[in-house]
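Asks: Below are the features I grabbed from TrEMBL:
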{"type": "COMPBIAS", "residues": "76-91", "note": "compositional bias 'Low complexity'"}
{"type": "COMPBIAS", "residues": "106-117", "note": "compositional bias 'Polar residues'"}
{"type": "REGION", "residues": "76-117", "note": "region 'Disordered'"}
{"type": "REGION", "residues": "175-235", "note": "region 'Leucine repeat I (LRI)'"}
{"type": "REGION", "residues": "254-319", "note": "region 'VHIID'"}
{"type": "REGION", "residues": "335-367", "note": "region 'Leucine repeat II (LRII)'"}
{"type": "REGION", "residues": "473-547", "note": "region 'SAW'"}
{"type": "MOTIF", "residues": "285-289", "note": "motif 'VHIID'"}
Amino acid sequence: MQSSRNPEELGGSHKLYYHHMQGPGSYCLPSNYQTQEHSLSSDDCSQGTRYCIQSSHENYCTLESSSSAGSYTVYHSPSTVSVSSNGSPLSQKESESYPSDPYHSPENTHGSPISASCITDDVDLRNKLRELETMMLGPDSDIVDSLDSTFQNENNQSSSEPERWKQIMEVIPRGDLKQVLIACGKAVSDGDMIAASWLMGELRKMVSVSGEPIQRLGAYMLEGLVAKLALTGSSIYKALRCKEPTSSELLSYMHILYEVCPYFKFGYLSANGAIAEALKGETRVHIIDFQIAQGSQWVSLIQALAARPGGPPHIRITGIDDSTSAYARDGGLHIVGQRLSRLAESVKVPFEFHAGAMSGCEVELETLGVKPGEALAVNFAMMLHHMPDESVSTANHRDRLLRLVKSLSPKVVTLVEQESNTNTAAFFPRFVETLNYYAAVFESIDVRLSRDHKERINVEQHCLAREVVNVIACEGAERVERHEVLGKWKARFRMAGFTPYPLSSVVNATIRNLLESYSEKYRLEEKDGALYLGWMNRTLVTSCAWR
């Protein structure tokens, strides 16, 4: 789920294009990726990229990183893949050639047969991954510098493992996409590039960004596996930021997601209810929002406080947001301040806005501008999981930020987070967890957003796929989508000195009524002072408050 809480937040101009094709061909991964043509053209403000690719799948994906959409041409070839008597995949002899251009020289021509292992040698593999990266990110990318460690076990893999291939080949005919994804993830985790390449080729025939929920999610998870092998996950994550449609008449992608799923409204309502309750009777209040986006969460709260018996309090909001989100607002944080100030003035609420254009890792005590005599509320809505913890950095900004907030003696601190365990998990369990979590999210989207909705692909691609790719393809500091389950968050809050603050029963009833307007498959559970919002049997978002 997109970390930006604002339903209208947008960003980045990059698109991940999937083109529907007919007929067989060779799959575009290290094993048999074939590029016939690559040309680059540019003008004063944009560059286009043209690719001609042989492909064995019906839905091919690539990242177009130019500022305007490039052209993408697909040529089909009659190449096929067969299986040997022992169950291993064997590719027919294929060749490729490049026209003379700055990025491909005659030395890059490959004309030898692809062996039963699908990979000729490490040098050839690195070259092919470099070609894949160039196709996805442009000729200037330098991300794939060394792949030795990625495939250090490749020479130990055998192309004739009858029992293993028997198990793999039994998965395919059943057409169970989820099981094929899991098998592919396990092959990547084990460093079995032979099996991974074969399964990726099969997955290409099964996934579709316009199909069933599992097919759509499968397309993006497959893209994550491709990015993991090419070491391009971080670049894709940065590229796939929600971007406002060129036509002002179109709703933003985040706003569409906001309307079709109750996850954001659930977070807004539960957090605002706790804040309003904690600040009851206060004459001067200060709200610190650690990811304010466009400030949409505070519209309803300002309006509610304006109608408070005895008159509204003086409200001051400190909005924290990193500078990379400036283009998402079409400007800096001062725009958020202006919007909220106009709203407050219209409902006669005394109001101030303080901007902190920085990431949570950069926040210090003096940044927050806390003043004596103000009742303080702090809001963490789908933000803390972006903070690196002790598993990433000795600075441990996740816990440092909580201790800093506790030192301010706030009246209330609200936490809204995705209920998923991907922070310190190893690759394969993280892959399976991502599959199960986002499968429920994609299923819930189907209830309210028709399959033929013209912006469906953009909504899922820019607001959900970027998270999927980051979780699957990135490691270390580059993996910024690091979710934890509520039990772990509770431990962190208690360790920082916080105690639970009960959520409002009135707000809980409001949320239940909200969910009824969406689908009976949503469920709301109140347990141990926290709220759990789920889809069928999978909890997706949790909300709680602390003091």
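Cβ atoms are placed via backbone N, Cα and C, with glycine included.
Could you place these features in context, so I can see how deep they sit and what lies close by?
Replies: Mean pLDDT across the region 'VHIID' (254-319) comes to 93 in this model.
Counting same-chain residues at least six beyond the ends of the motif 'VHIID' (285-289), those with a Cβ under 8 angstroms from any Cβ of the stretch are 275, 279, 295, 297-298, 305, 313-320, 368, 370-371, 374-379, 381, 405.
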Asks: Please identify the stretch among 175-235, 254-319, 473-547 with the greatest number of Cβ pairs below 8 Å relative to the region 'Leucine repeat II (LRII)' (335-367).
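Replies: Of the candidates 175-235, 254-319, 473-547, 254-319 scores highest.
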